Amino acid sequence: MTATAETSTGTKVVLGQNQYGKAEVRLVKVTRNTARHEIQDLNVTSQLRGDFEAAHTAGDNAHVVATDTQKNTVYAFARDGFATTEEFLLRLGKHFTEGFDWVTGGRWAAQQFFWDRINDHDHAFSRNKSEVRTAVLEISGSEQAIVAGIEGLTVLKSTGSEFHGFPRDKYTTLQETTDRILATDVSARWRYNTVEVDFDAVYASVRGLLLKAFAETHSLALQQTMYEMGRAVIETHPEIDEIKMSLPNKHHFLVDLQPFGQDNPNEVFYAADRPYGLIEATIQREGSRADHPIWSNIAGFC
């Protein structure tokens, strides 16, 4: 039951949507059952939803599973090992929703950081900063939804990109070009229509498809390249209903070398830090759900 409070002005106030938990639990799991060790490096967030009204309206903590308990559960479950980040989140979600009657759902998210072996060494690694793998699990009653993703994957094409035919007005100074550098930091999230997935294999496949489409599409606009990247994923993976992407256009401007008596045949550029174009889109399977609630808690995507 929802409690209603009435203020001195007669305004009625009720508790709306809410969730709580422990954010960014730093977890490093070393699997050392052989001489060749494996590293899993995660940043895990656990947030619960359910009957927590009394905690908000009366300070009654009878239903409040402490955020410290949620943190401890992450570490305790890691001791048992896990194959993929998504499977780890599914186990956490199952534990909290089945272990506490008043917890009807929640949100569990993780970032996964990669480590590469140093010269194929058994237990020495260097941090791979080329990308971060992401995963979000949302449970609402009996429904489960997973969004996986990749962020910070920086890519560049030194040719094979054009930009022309755009509107011009009195504020337009950008020159048209038929040969430019195209560079971006790929951030992509894709929503599965099932949780029965080989998550590692699909992640590797999606990553490869995104890179292949970026490399092979002769680009007339970053929007076109983005669409081709998303289309390749949707056409290849029936278990994915939609993919959202956010691609900043990392501008590279040709430097004028004429003051120094030199030409510049598209070889010397200034890499601009900001401002930058920001291109975002959703590419989805026709007929699939376009407004899944899991996206309401994933910022930065249209």
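Just so it is clear, glycine is given a Cβ too, placed from its N, Cα and C backbone atoms.
Annotated features in Swiss-Prot:
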type     : residues                                     : note
ACT_SITE : Lys22                                        : active site, charge relay system
ACT_SITE : Thr67                                        : active site, charge relay system
ACT_SITE : His251                                       : active site, charge relay system
BINDING  : Thr67, Asp68, Phe163, Arg180, Gln223, Asn249 : urate binding site
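The two recorded residues, Asp68 (urate binding site) and Lys22 (active site, charge relay system), show a Cα separation of 7 Å. Checked against His251 (active site, charge relay system) by C-alpha proximity, the binding-site residues Phe163, Arg180, Gln223 yield Arg180 as the nearest. For the pair Gln223 (urate binding site) and Lys22 (active site, charge relay system), the C-alpha distance works out to 37 angstrom. Cβ crowding, taken as the number of other Cβ atoms within 10 Å, peaks at Arg180 among the recorded positions Lys22, Arg180, His251. Binding-site extent for urate: residues Thr67, Asp68, Phe163, Arg180, Gln223, Asn249, maximum pairwise Cα distance 52 Å (rounded to the nearest whole number). Secondary structure at Arg180 (urate binding site), taken from DSSP and collapsed to helix, strand or coil, is coil. Thr67 (active site, charge relay system) sits 50 Å from Phe163 (urate binding site), counting Cα to Cα.
A simple way to gauge crowding: the CB of Phe163 (urate binding site) has 18 other CB atoms within 10 angstroms, across all the protein chains here.
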